[in-house]
Structure formats: structure tokens, C-alpha cells
Amino acid sequence: MSVRAALPDGVRTRSAAADDAAAPTAHDRASTLPRGARGRGRPGRRGRRRIAYLYLAPALGVYTLFVALPWVHTIWLSFYTWDGVTLGTWDGFGNYRDVLTDPTMLAALEHALGFIVFFSLLPIAIGLPLAAVVGAAGGKRRYPVSRAVLFLPQVVPLIAVGVMWRWMYAQNGLVNRILDAVGLRSVTRAWLGDFTWAYVAVGLVGTWVMTGLTLVVFQAGIQKIDTSLYEAARIDGAGPVREFFAVTLPGLRADIGVALTVTVIAALASFDVVYVTTGGGPGTSTIVPGVLIYQLAFTDGKVGAACALAVVLSALIALIVLAIGRLVREKP
Amino acid sequence: MSATATEPHRPRIPQRISVLAGPAVMAGFALAVVIPFISLLLAALNPSGALVSGFAWPQHPTLANFGAAWSAAGFGGLLRNSVVVILGLVPLSLLCAILAGYAFATMEFRGRTALFGFLLLGLTLPYEAAVVPLYYDLRSIGLTDTPLALILALTGLFMPFGAFWMRQQFLALPPELVEAAAMDGANSWTVLWRVLVPCTRPALTTLGLLYFLWGWNQFLLALVLIQDPAKRTAPAGLGFFVGAYSLNVPLLAAATLIVITPVVAVYLVFQRHFISGMLAGAVKG
């Protein structure tokens, strides 16, 4: 129990009882993993083993039937040319060649990767220093009301968020009114209909949705950093900036990993907001894989191509999430 | 740098700034989150079809839009359909997650690691990856256009997180609980429902709330699996409503607020559960 040893005396006595109660738990768990099967002399060991499958059956059954098999089916269909109605024909890797050469497909993948800037990097870049400021200024204060509000965008349906921002970005909407008010009337436009700016506008909706999440995650993370590290940094004469880079940032490693994982998945798999704000347009300027998969499969009759894109997208997400996990676990 | 004495534990910044900075930052961001909602609410208070502008109190505030949007989109039916999905989805998912988490946490059996890994594969899988064959497969067995399609598909998609979550909860309980009950001759079923489930009630509430939230907000699957307008869920209905009334800002705003209200109401009541749950298991948002 090295944690306990590191605590000042007063803390140790206060938490000793709780710690002692917890200690045997941790110990027991290590030594008796086959807990359920341990009933001494009970005839049930084999029975127990088989009964485990009964407990698993509903979850694994539903998961296999409605997630795993459809996913395998996605891979299967990705090798066919199929319009969803007539008989499909084998196409080998033809659909994958399209994913990697067709300009719309490539645009969709590029936009998804670009959304990482808006959904992940910006919210984290904003959330980190602000969480540090809040942690520094507030000590253990938790800001229950602000926290609750910051989480709101995570709670309301994204389709509603999209409708809301359609209005914010409209010709008469709040964004243009604010630009008007600060004398930038010449810049105002129907943002979501603009070939250059629609993508940025949609991306910033992602930033709006995700920043509150990162701020709350990091703020909770800072509360867990050992305060003695800050004292040590202070004794070494570190200023607030060096303290941020030397103590806060390394201390938040795991939390940054969580925030990155969640937001990157949201960026790559975005659908609702794009679907309702721009539908991928104007042209293909905001097309993302989610919307393109939907269009290809259900309006263009290119089921095979949609499935190939879906496979590439899932592989991309899995790879990036794995890479983030690696990066976070690695020692600095 | 005079903060050291009064701020012994936290990173320091000059005292005068530090007193205001925290609340200011938090309040500023809270405001940035709330303003679009208020803008939406103000728009909804205008008469239907009115030319609305930015962020102004309407000249003739009215609640008539809510009624108009309600009947135009048929929200009575849409909300009822959503409720049916939730009433099927949440208990079924919770039950499956409890049973699977229990087996993974307390039982030894062949293939445990492999099966758990198989389940966790689903954690990062986007909805887009399964939706296309799901539609064709479910249509071929006549399940599309039924709430059951959505209930079963979402239960499957939510299962990796739920089983993982419940396994964590059961692992965190002292093993003596199980052993003492087993010593008294209780079988695994009794141990689960009499001993373990009551001990994890707060975690179960959190999981149930997350399932409610994800199920209620799900758009893509609802859009694809249920094409019959009479059977759509509320978010899917809103999606179609946007297409039909895209220029009528007040009506659209009212419809959006109708769809938002149930989740926000539940969120405000169970706020702590939501935030702790989403912080703890923010893997699948």
C-alpha cells in the first residue's frame, strides 16, 4: 500500500479503517480468481462452468445476431456490386479501389480526419488550460451548475443540436447578428450554404459539443493529481506555465487519452449533425463517411460501395483508437 | 506571485486573478453552451412563419407554435413510439448486461478471455458499420418498421459497454459477499439477485439512464430501420420535419424543443448519475 505510506499522518489515521477493510479484498481477488467455482467440496465446479454460458447467452446472442453478424455481412457485401434489389455480382476488391480513388469517397474520408481537429484537438486545446485555471483558482470547488450546463450538449439529441445550429448559422441567425454588431457585416453569409465555410461551420458545431466534455473530464482529472507534486514544483521555483507542463499535463495523461478516444470516435463516425445541417453539401464540401454510406446504400443503390466505405471507416477508427491507447500507456 | 500561502495545494496564479478566474471561466463556457438554446427558445416564441432575427424578444410572444408543431409533426405518436422503444430497450439491455457482467466477473469457464475480447471489439464499432446489412437482414425477416428491430439492434450495440460496466461493478464488490452466500447454500441465481444486484443499485441506475439517453437520441438506426412514418421515433420524426418545414424557423424551433425536453428533464433530475457515468465510461458516447 504505497499510497498510504505517502500520505501525511493525519490522513492515514482517518482512512486506516477503510483501507484495512479494502486490503483483504484486493488480496483475495488476486489469489482466488475462480471465485464462483471455489465452493469447497461442492459438486458444482463443472456445473458452474456450464452455467456461465447460460448467463452469457442473452447478451452474446443479441450482440452476435445484431452486431457481429451484420458486421461480417458488411464485409461480405463490400466485395459485391449490388443495388439492394436485383442479384449482386462479385466484384473482388473493386469497391475498395473506388474508396481509395473516387473523389467523393476520398473527400468524405479527408473530412472525417479533418473533423478530428474540430471535435478533438480544439476542444482538448481549449479544455486543458482552462481546466488548469479552474483547478488552480477553485481548489476543490466543483461548480455543480456550470458542470451540469457544460454537459448539456452531450445529452440532447445531436439531431436537435444540428437543427439549433442551422438557425444559429442562418442568414438572420445569431452568428451573423453578432458579426453585424461588431461591424463585420461584410463577412456575414448563409454559412451552411457556403462552399468554403460550410465545413468549418459544421466542424465548429463539433467543437461546441465536445469542449464542455473535455473541460469537465480534465477538471475531474486535476482533482486527482497528487498535491505534493505541485508543492515540489513550487519549491523548485516553477511558474504557473512550467507547472502546467511539468505537473498538470503529465498528470492528466490518462484523462487526455479518454477525451481523445471519445472525441475521435465522434469525429470519424459523425452523422446526425452533418445530415441535418448540410446533408454533405454544398456539393461535397461537407460530406463525411456516415452520410455517404447512408446515401450510397439507401438512395444511390450502391450497397457494395457503401459497405466497403463502412469497413474502411471501422478499420480507421479501430486503428486510431488503438494508437491512442498505445500513446497514452507509453511512459513519457 | 503571492498565492503560495493561501493556495497551498493547487497550481498557483496571482491571487487576485485566481479568485475570479475559475468562476469566470466556468460561467463563460456555460454561457456559450446556453446561448444557442436561448436563441432557439426565443425563435420558438414567435408566430409560426414569422421572419425571425437573431436574439430578440419576440414582439408578439406566443406558445402557439408548440401546438402547431405538435400536430404538424404528429409528436403524440412520435413520442409514444420513442417511449415504446425505451421501455423495451432499457430493461432488456440491463438484464443482458447484468447476466453477462456477472458471468465475466465471478465465473471461470473456457473461452472467458476470448468471449470478453469478442464483446469489447464492439466498443469502437461505429453504427454506420452495421446499419446497411442490418436493414436488409431485418427486412428479410419482416422486422423492419417495428419497434422490436430498434430494440434488438440497440441492445446488441449497447451490450459491449453494459457488460463491461457491470463486470467492473461486480469485481469491485468484496468476494466474501458471494462466498458467504454460497456457503449458505444459495445458488448462483439467488446470489446474483439477492446479494449482488442490490449492492450495485446506483451503478445500475446510471447504466439504465445512459441506455435511456443513447436509445432516445439514436438517429441513424431509427432513420433506417423504421421507414413507416407512423412508427418513427421522435428524433427521426424531427429529421423529416426539418425537410418539410425548413424555412419556418419558429415552427422548427418549437419542434426541436419538444424533442429535447424529455431528455433534458430526465438529465436535470439525475444529473449526478449522468455525469459520473459519462466520466467513468466515456468510451461509447
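Just so you know, glycine gets a Cβ as well, placed from its N, Cα and C.
TrEMBL labels come from automatic prediction, so no person has curated them.
As written in TrEMBL, here are the features:
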type     : residues  : note
COMPBIAS : A:13-36   : compositional bias 'Low complexity'
DOMAIN   : A:109-324 : domain 'ABC transmembrane type-1'
REGION   : A:1-45    : region 'Disordered'
TRANSMEM : A:52-72   : transmembrane segment
TRANSMEM : A:112-136 : transmembrane segment
TRANSMEM : A:148-168 : transmembrane segment
TRANSMEM : A:197-218 : transmembrane segment
TRANSMEM : A:256-276 : transmembrane segment
TRANSMEM : A:303-328 : transmembrane segment
For the transmembrane segment (A:197-218), which recorded stretch in the set A:52-72, A:112-136, A:148-168, A:256-276, A:303-328 gives the largest number of Cβ pairs separated by under 8 Å?
A:112-136
Looking at the stretches A:52-72, A:112-136, A:148-168, A:256-276, which one shares the most CB pairs under 8 Å with the transmembrane segment (A:303-328)?
A:256-276
Go through the chain and flag residues at least 6 beyond the ends of the transmembrane segment (A:112-136) whose CB is under 8 A from any CB in it; none is fine as an answer.
143, 199-200, 203-204, 206-207, 209-211, 213-215, 217-219, 221-223, 240, 244, 248-249, 252, 256, 259-260, 263-264, 266-268, 270, 288-289, 313, 316
Intrachain neighbours beyond the transmembrane segment (A:148-168), with Cβ under 8 angstroms and 6 or more residues off its ends
174-175, 192, 201, 205, 208-210, 212-213, 215-216, 272-277
